[in-house]
Amino acid sequence: MSEFKIFTTYLLNFIAISAVLAVDPDTLQDLCVADTSSGVKLNGFTCKESANVTAEDFFFAGLANPGKVNNSVGSLVTGANVEKIPGLNTLGVSLARIDYEAGGLNPPHTHPRATEVIFVLEGELDVGFITTANKLISKKVKKGEIFVFPKALVHFQKNNGDKVASVISAFNSQLPGTQSLAATLFAATPAVPDNVLTKTFQVGTKEIEKIKSKLAPKKT
């Protein structure tokens with residue numbers, strides 16, 4: 001079976017399962033294309049007027065090609081969620097593409113609103129997640145293989161090879177959310193107090209400030 005057929009089968013199965021087990025609330029109409037310009041605040045997005053809905057609301061070409069990685073961790077996530085595809089509003093699914101340089105890392109993070117399933121397009125990755133019992137579940141996955149990260153558990157992917165790698169990620173939420181542990185703790189605004197971090201990690205203020213300086217947003 002070709003790689004495309006394997007991925008298509010995987011994607012259709014994921015969408016079918018997500019329709020039954022979707023984390024997001026079920027839709028009550030055929031479609032509810034997100035009106036991202038609306039100032040109304042609710043759990044999700046208000047619906048665009050049906051007369052203004054077009055095919056472009058359901059289309060996105062941003063995952064077709066590898067993204068340009070230009071950061072210190074060596075990976076780039078390109079989301080295909082309701083913020084990029086308004087037609088996903090209320091449908092309870094989304095995708096992303098992750099590209100990794102040789103040696104690249106998608107650092108430990110969580111998706112508070114979704115389970116994630118990755119399909120490896122190219123290369124090999126060491127992947128894993130940590131349970132609430134503090135047990136690491138990890139495995140090496142290669143092209144054509146799949147791995148699941150349960151909802152809200154801390155997980156990561158590392159390219160330990162000497163070639164680039166890439167995956168397609170599927171989520172059972174239109175907007176799964178991402179919390180990177182390092183950025184959450186060391187680059188929050190306002191900042192997490194140093195005495196909280198020094199006590200948590202059992203290190204001095206100097207070490208905490210050094211980490212914060214490395215994770216601080218680049219000034220433009």
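Keep in mind that glycine also has a Cβ here, set from the backbone N, Cα and C atoms.
No curator has checked TrEMBL annotations; they are predicted automatically.
Quick look at what TrEMBL annotates:
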{"type": "SIGNAL", "residues": "1-22", "note": "signal peptide"}
{"type": "DISULFID", "residues": "Cys32-Cys47", "note": "disulfide bond"}
{"type": "DOMAIN", "residues": "61-209", "note": "domain 'Cupin type-1'"}
{"type": "BINDING", "residues": "Asn106, His111, Glu116", "note": "oxalate binding site"}
{"type": "BINDING", "residues": "His109, His111, Glu116, His155", "note": "Mn(2+) binding site"}
List every residue in the same chain as His111 (oxalate binding site), at least 6 positions away in sequence, whose Cβ is under 8 Å from its Cβ.
Phe149, Lys151, Ala152, Phe171, Ser173, Pro176, Gly177, Thr178, Gln179
Could you round the CA separation between Cys47 (disulfide bond) and Glu116 (oxalate binding site) to a whole angstrom and send it over?
26
Does Glu116 (oxalate binding site) have same-chain partners at least 6 apart in sequence with Cβ under 8 Å from its own Cβ, and which are they?
Val148, Phe149, His155, Ser169, Ala170, Phe171, Pro176
Mean of pLDDT values spanning the domain 'Cupin type-1' (61-209):
97
Give the sequence-ordered set of same-chain residues, not counting Asn106, His111, Glu116, with Cβ within 8 Å of the centre of the Cβ atoms defining the oxalate site.
Ala96, His109, Thr110, Ile118, Phe149, His155, Ser169, Phe171, Pro176, Thr178
Could you break down the residues of the domain 'Cupin type-1' (61-209) into DSSP helix, strand and coil, giving a count for each?
22 helix, 58 strand, 69 coil
Counting every protein chain present, what is the number of Cβ atoms, excluding its own, within 10 Å of the Cβ of Asn106 (oxalate binding site)?
25
